[in-house]
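These notes are about the structure you will find just below.
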Amino acid sequence: MSALCWGRGAAGLKRALRPCGRPGLPGKEGTAGGVCGPRRSSSASPQEQDQDRRKDWGHVELLEVLQARVRQLQAESVSEVVVNRVDVARLPECGSGDGSLQPPRKVQMGAKDATPVPCGRWAKILEKDKRTQQMRMQRLKAKLQMPFQSGEFKALTRRLQVEPRLLSKQMAGCLEDCTRQAPESPWEEQLARLLQEAPGKLSLDVEQAPSGQHSQAQLSGQQQRLLAFFKCCLLTDQLPLAHHLLVVHHGQRQKRKLLTLDMYNAVMLGWARQGAFKELVYVLFMVKDAGLTPDLLSYAAALQCMGRQDQDAGTIERCLEQMSQEGLKLQALFTAVLLSEEDRATVLKAVHKVKPTFSLPPQLPPPVNTSKLLRDVYAKDGRVSYPKLHLPLKTLQCLFEKQLHMELASRVCVVSVEKPTLPSKEVKHARKTLKTLRDQWEKALCRALRETKNRLEREVYEGRFSLYPFLCLLDEREVVRMLLQVLQALPAQGESFTTLARELSARTFSRHVVQRQRVSGQVQALQNHYRKYLCLLASDAEVPEPCLPRQYWEELGAPEALREQPWPLPVQMELGKLLAEMLVQATQMPCSLDKPHRSSRLVPVLYHVYSFRNVQQIGILKPHPAYVQLLEKAAEPTLTFEAVDVPMLCPPLPWTSPHSGAFLLSPTKLMRTVEGATQHQELLETCPPTALHGALDALTQLGNCAWRVNGRVLDLVLQLFQAKGCPQLGVPAPPSEAPQPPEAHLPHSAAPARKAELRRELAHCQKVAREMHSLRAEALYRLSLAQHLRDRVFWLPHNMDFRGRTYPCPPHFNHLGSDVARALLEFAQGRPLGPHGLDWLKIHLVNLTGLKKREPLRKRLAFAEEVMDDILDSADQPLTGRKWWMGAEEPWQTLACCMEVANAVRASDPAAYVSHLPVHQDGSCNGLQHYAALGRDSVGAASVNLEPSDVPQDVYSGVAAQVEVFRRQDAQRGMRVAQVLEGFITRKVVKQTVMTVVYGVTRYGGRLQIEKRLRELSDFPQEFVWEASHYLVRQVFKSLQEMFSGTRAIQHWLTESARLISHMGSVVEWVTPLGVPVIQPYRLDSKVKQIGGGIQSITYTHNGDISRKPNTRKQKNGFPPNFIHSLDSSHMMLTALHCYRKGLTFVSVHDCYWTHAADVSVMNQVCREQFVRLHSEPILQDLSRFLVKRFCSEPQKILEASQLKETLQAVPKPGAFDLEQVKRSTYFFS
């Protein structure tokens, strides 16, 4: 094979096909020779060789199609190769003058020893080459400018392979005999024989591939990419390509090891849906040849194909008999295998030929959660008052259609709230220029996308994995519009190349899922069922029996959402990288935008630079400054958002499973996970359905809360936003207000200290400018969405993180945001204040000011009466009056409450006033409340208001007082730092550290927190900050140890347990009291993957790789706070479900619960009752038993597990605190 001196360009190809020692004649136009031109021998001058080499590299793309022929000649291991005729330049044969040469069927090994023949015709050839060079180059340029058609490629390359190459001689003989016989019966006989023959290992090097039952995380990156490729080919009608790649990989020993049963099954299922019996049998031959055992999905594919082809009953009967012999039950085909309704019907048709009386397993009644904690939630007896929405059925149906249309479009255009101005001549010109450029970019991107797809298709034909089917999922114009949308939203300072790649692949996947539901008929089925579902929620409709939304959706027999598995992380990163590079290479603009028609030179719109972040070199794509300036001049009036980033216009779908709920069509994860991690989703999938009912119903309830925008507050915020902001009130200023960098140009003789000072000043200005731009953009998105949703009703679908904590899905505008974001939101459905609602409004107002935290409720109410004039003045003249509201801790929420109080007190009947304002009730350091309850710690319970008291207990003030006692003692002993701290130990100094100790903050982190607080004190001697922060953090931890002894004991037990579990090579797992499985995803980042090539190599950590060792430090430090978070989420969910049963509106921000003013007393009662019920369970004992069973039962680790088992069983003993006291604690949540 050494005779094939292969190169990347035309020269290499022609040398490969030319006999040694004889020159070639000029080829005809349109042939390989015509494109490449005659080549000089190696005796040509270096300058001429350099020119040839440059031409070669320029022609690579067109000539790559001919490389397949040479690779084919080299691939002796592939026996059946069918090649279309490949036209090449006519070359003289050795010793012959006819000037023709047919490409050799097989290159002779002795060719390398051929003796060169002296050439006497070189002078004439060189002279002719000079005369025709210019003409040929002109023709070449014209040809290169023509789009490369896929039809041309298919005419030049080999056909797709269908028949497999089998390693087993016996099976290969059977296949050969089968292909020689009549085309009807042999395939049925072969199918029966294949299914009856037990698979066996063919040789030592043919290893059993991973079973289809194994998790995706256990597959290598190459296997994940291949499996995703096969599945994607099925979705894009590229089944022949998938079969071809499967045959190529199966025919090569090394590549065969990558194939798994799932891959064979995917291709089999595709052929089954087409009724292609012969091709299906080919795949089964390969399955048996690989030594694999067909599973339920394999049999389902075979039966489906026979059902479509109307096969005889004998073959079907033998297939069912073989299933039975292998222990596979017929009923499992319809219960354990995920098939579409059409596929199930076809399989059933085949089965009925043999067993006409067979019927599908009866649909069992929906299972009911029997958890003790949820027994009352699902009880049929007792009084139930599930709330209804305030909107009629017809209105809700119209809202549903709007939301459906929005998700089908995948994007939403929103008018920007930047200060509107009449477009000047300059602005109009900039917008016209921008439109012209975008039209050009759209054409260039379409052309680049087609060329890329053709190139990637060639790679598949050559038997290599490529992203070709993934690029075929969406219409070309849809992909281009998505790329241009990303380009428009790119910030001026640029975006990380990896982040951009990830975003592009995520958007592609989301659009694909929506489009697939559109073409599969899923949308029509959803419309029919959703209209019925709305009868449960509409104000003017009734249902036979009140029930929870999930239960009603299941009773309707609603269609199961398509289970579209997310693409593996390697595929996501490769696809995103490809699209990002395409965007960079295809978008160009004139170097002078002022005179674009006169400027012939084009420059890239995006350029690639490197920056250092945390000592890591990060690739960044930055827009050209001229393009940024053009965008600023154009001042386009709209912003474009993804549909999933905008609140919903109709009630979300109820969560019914880990993959079905929230948005109508757009894919949404039930559990947010680290990028690439799959363990959480697999845990949820294997979890019994009833175990998740509590979490699913709580998330549905939170998402069903209807919202509206507070228009008066929005007007005021917009007024400040458009008037250069007000950072003191949380309204960011525009970047133009950022401090200007120094303009001084220092001479070379300037002192190094002066240069360093200037560099620091410049870096500070740049940092501030970036932060201001980020804050301004965030506020712009939030306020633009609020303006867009003004006078509308909308909903916020929820999901949860791996600990069970809940979050709204739309990221830009929700109630988990800042003070401004919360003030802009209010309940769409109001409720009369009733006899006590106005009092709760006033108490809520005082709570927001932060002025009376340690006072009882009656004094807070009295304070509200004292400042009523300021309250009314703030409501009436917020920006021109006394501005009392601006001094509050939460100024904008305080202002919104002032307006609500003013409306209520001025109403003729305040009790009848319909209030929409959410009233908050906060836990008293909720993490410590859970710790005190777990340990039955009397001292700790009293500090965090678990124990009834006439006044609220403030744990932060208590810790500060205890630290002051220690400081006074040390000061008396003459300790200098203790003397300096006299008068500086306040609640504010220690609050953050006390609050975060419960969530695992270390002494180092606590010291930094205290240092920050001390630096904020202008009169504290700054030279003592470091020493004082060290001293205070020790005293804070010492105070907590004395005040919360039970808490520290539980923390230590959890930390030590996690440390030992990690040392055994496992990550920590547990199950929340509501049944949600939790697994900590912290593993060592040892396996960093790299995708090379292109403008930049990108690296990423494969978080889904469960073979990596646990990160012991993160596991042990994360277990205590994560466990407590799982408890506070369980408490919140129980409270939400019981409030829903009582007809209350309820939402939460973790440990801050919101409801109407009229219902605060009821919510507080439910909150206290559910906390007592939760902690009446033996939570730590249950955790201990679970961990012992999970990590101490493996026989091979019995010796290692002895210490772990001993630690796990040493549960800290509880104290004597009586939990029932919580029910009488007024300030438990207040």
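Easy rule for this one: first residue shown is 1, then count along the chain.
Just so it is clear, glycine is given a Cβ too, placed from its N, Cα and C backbone atoms.
Given the ranges 351-370, 671-690, 731-750, the record in Swiss-Prot names 731-750 as region 'Disordered'. The active-site residues D922, D1151 differ in how many other CB atoms lie within 10 Å of their CB, and the one with the most is D1151. Around K991 (active site), taking its Cβ as the centre, 19 other Cβ atoms fall within 10 Å, counting all chains. Taking the C-alpha positions, the distance from D1151 (active site) to D922 (active site) comes to 6 Å. D922 (active site) sits 16 Å from K991 (active site), taking the Cα positions as reference.
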